[in-house]
Amino acid sequence: MSDNSRNGVQSFRNLINNPLLLSIAVVLIGVIGLITYAIIPNPYTLIYPIALICGGLVFLTYFITAGDSNVWHKRANINLDYRIVIILYFFIVSVLLATYYVNSPGRSLSVHAATLLLYVFTIMVILATKSKLSIIFVIISGLVHRATIYYSSSLYIGNDVFLHNQTAKLISSSGHLQPHITNRYFTSPLYHISVAAGDQVLGTSIRHSSFLLNVVPYIVVSALVVYLVTLLIINHQIAQIASLLFLSADFAIERSIQPASTTMGAIFFTTTILFLIIYISEKDNRYLLLLIFSYFATLLSHQLSAFILFVFVISYWVSTYFHEYRSTKGLKMVCSILFVTSILHLLISSVESGMSFFDILFLRWISHFSRATSSDGFTVPADADAFILGSSSLNNIHVIGSGILLAGAIFGALLILTTIDDNRETFAVGGATAIMLALAMSGPLVGLRILIPWRWFPFIYVPLAILAAPAFFYLIKSTIEYGKLGTMVKVCLLIGLIGPYIMLMGGNFAGAYDDPVFDSAPAAESYGISDREEYIFSHIGEFGETQHPILADARASRVLHHYYGVDAETVRMTHSNPNSISDRNQHDLFLNREYTQSKQAIYQLRTDKGTNRVHGVIPIGEVNENRKSLVYSDGHNEVVGIR
């Protein structure tokens, strides 16, 4: 390396190791992000830059006013008898379950309000007790929250969950892996095998088995890993807050209530991170073996999860190098082992077509890059009451919760770098998080979505929650210990501090995946299935083999196909021509459920630019009446014949 290059690297290292300069750089990046928003209007390109600016400015305020550098040495205490707080906590749990039972199926606003109170009282338990066992209350809150969502729907919530669990059901009923071999996920069999085995051993349904063997472990393992990693950096009270921030985050909720291969991949993602950090710290080869085993389990669970994990490990290595200006031998060995393992698995594994995952990823990248650089991209006509799928069809309120977490992570990371001398783990985790966010967010800015950005968020939230916890702790401690405040005032201030985060995360398009509270945006889809919808789905399933595919909105067609084995397809319609819903000179059946008349419904729109999926009302009412005939109706949902 030349002297100029060495000096450049050293200058960059000095910049990123100086919290003050780093905070200024973060603010400048946020300003550049706002310029990007002017070019590409999007809730993420608006809220995330603002989060960067806020996180940096809050730290600058702390730095300039010479904030308390001994903040971590004392617990935050709300001065309440912990026994009373624990009794009130379980009372809230009882109220939540009773409210849920009375208002089921589905989750009413009262259930959401009780869930908000549950998390607030969980924070109060953390502040009122001195025990490390308070993490148990965080886990209980996460489990109760997930259970109320998971069982609020008459069927599974989500998309891929139907395919994955149907495969597990076939494995369980047949007693062999043949159903999985013909599945496109056969290179990632752990989820399907575990659910099928659970169905046999536990004697429950596939749905219950999936909850017990995937949803519950996801909550318990991820909460404990976030707790343990944060504990390595600071103290147990902040570690408990970190676990709560993660479990109440929108994409962590969304990922857990639709168990699939990704869910199991996320479980092993967290354990691998834990073993990585402990191994680098302790240099104990037992943790290296656990790390390799955990990473291999991730590969066998979900390949995209393994790819994201590999990116994290490489990013952790790069960040450590710039922090210490040297690369530890242990990290070099870990990266080498994971790289060889990943390449072998990607090259050897293949799907029905005979192509490896590596081949598919490369071909998709070429395809997405071609579309991104093409001037003939799909656009929705100005006069169409339709919206392109993606984050552009969200409102800002759906991203504010995530923005709060990001701003907290920035402030928290800078706070630790300033006040704690041994901050290697914090710097490495923060650097890895920044690189992962940059990769996940930069692709969509130029039209590339090959890495499925939203799939990254449940993974990125793990380090974000770890880094944000010190910021939340600092704000909570500073607020409740300001002056001589009464207990009720402290409680109200606590609700004001943590409540907006819980509400915004738990009520948006991902946090309330079953039925969003904030439902004005086209992309705020409802994945929950009512009893009436389940009945009409099963009724269609009894039709047997039909002459032509059943037409339905995109979500319903997937349920019919993967769960009931019905030949169903998504409605295609030419712009401004509702009669084109069925223009094949044949008799079609259309499932007109209530949801198809909402702007969140999805169908395929044909224009002179091509065909693409969009959100919008499916205008079945505008089809010529002489072409329609009512086949079945329950007063809310109907099957319409179109000829």
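Using N, Cα and C of the backbone, Cβ positions are placed for all residues, glycine too.
Over in TrEMBL, the protein carries these features:
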TRANSMEM  20-40  transmembrane segment
TRANSMEM  46-64  transmembrane segment
TRANSMEM  84-103  transmembrane segment
TRANSMEM  109-128  transmembrane segment
TRANSMEM  135-153  transmembrane segment
TRANSMEM  215-234  transmembrane segment
TRANSMEM  287-318  transmembrane segment
TRANSMEM  330-348  transmembrane segment
TRANSMEM  397-420  transmembrane segment
TRANSMEM  427-452  transmembrane segment
TRANSMEM  458-476  transmembrane segment
TRANSMEM  488-510  transmembrane segment
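Non-local neighbours of the transmembrane segment (287-318) in the same chain are 187-191, 261-262, 264-269, 271-273, 275-276, 278-279, 327, 330-335, 337-339, 341-342, 345-346, 349, 357, 428-429, 431-436, 439, 451-452, 455-456, 459, 463; each lies 6+ residues outside the stretch with a CB under 8 Å from one of its CB atoms. Long-range neighbours of the transmembrane segment (46-64) within the same chain, counting only residues 6 or more positions beyond its ends whose Cβ lies under 8 Å from a Cβ of the stretch, are 19-20, 23-24, 26-27, 29-34, 36-37, 396, 399-400, 402-404, 406-411, 414-415, 418, 441, 471. Cβ atoms under 8 Å from those of the transmembrane segment (215-234) belong to residues 72, 135, 138-139, 142-143, 146, 150, 240, 242-243, 246-247, 252, 255-257, 259, 263, 266-267, 270-271, 273-274, 277-278, 281, 416, 420, 423, 425-426, 429, 462, 465-466, 469-470 of the same chain, restricted to positions at least 6 beyond its ends.
With a cut-off of 8 Å between Cβ atoms, the residues of this chain six or more beyond the transmembrane segment (84-103) that come close are 110-111, 114-115, 117-118, 121-122, 124-125, 128-129, 137, 140, 144, 148, 152. As a quick check, the transmembrane segment (109-128) and the transmembrane segment (397-420) miss the bar of 3 or more Cβ pairs under 8 A, pairs 6 or more apart, so the two do not touch. In summary, the transmembrane segment (488-510) does not lie against the transmembrane segment (20-40): fewer than three C-beta pairs, each 6 or more positions apart in sequence, are under 8 Å.
Away from its own ends, the transmembrane segment (397-420) comes close to residues 17, 19, 22-23, 26, 43-44, 46-48, 50-52, 54-56, 58-59, 62-63, 69-72, 233-234, 245, 249-251, 391, 426-427, 429-430, 433, 437, 457, 461, 463-465, 467-472, 474, 500-501, 504-505, 508-511, 518, 521, 523-524 of its chain (Cβ-Cβ under 8 Å, at least six residues beyond either end). Sequence-distant contacts of the transmembrane segment (20-40) (same chain, six or more residues past either end, CB-CB distance under 8 Å): 14, 46, 48-53, 55-57, 59-60, 63, 410, 414, 417, 445.
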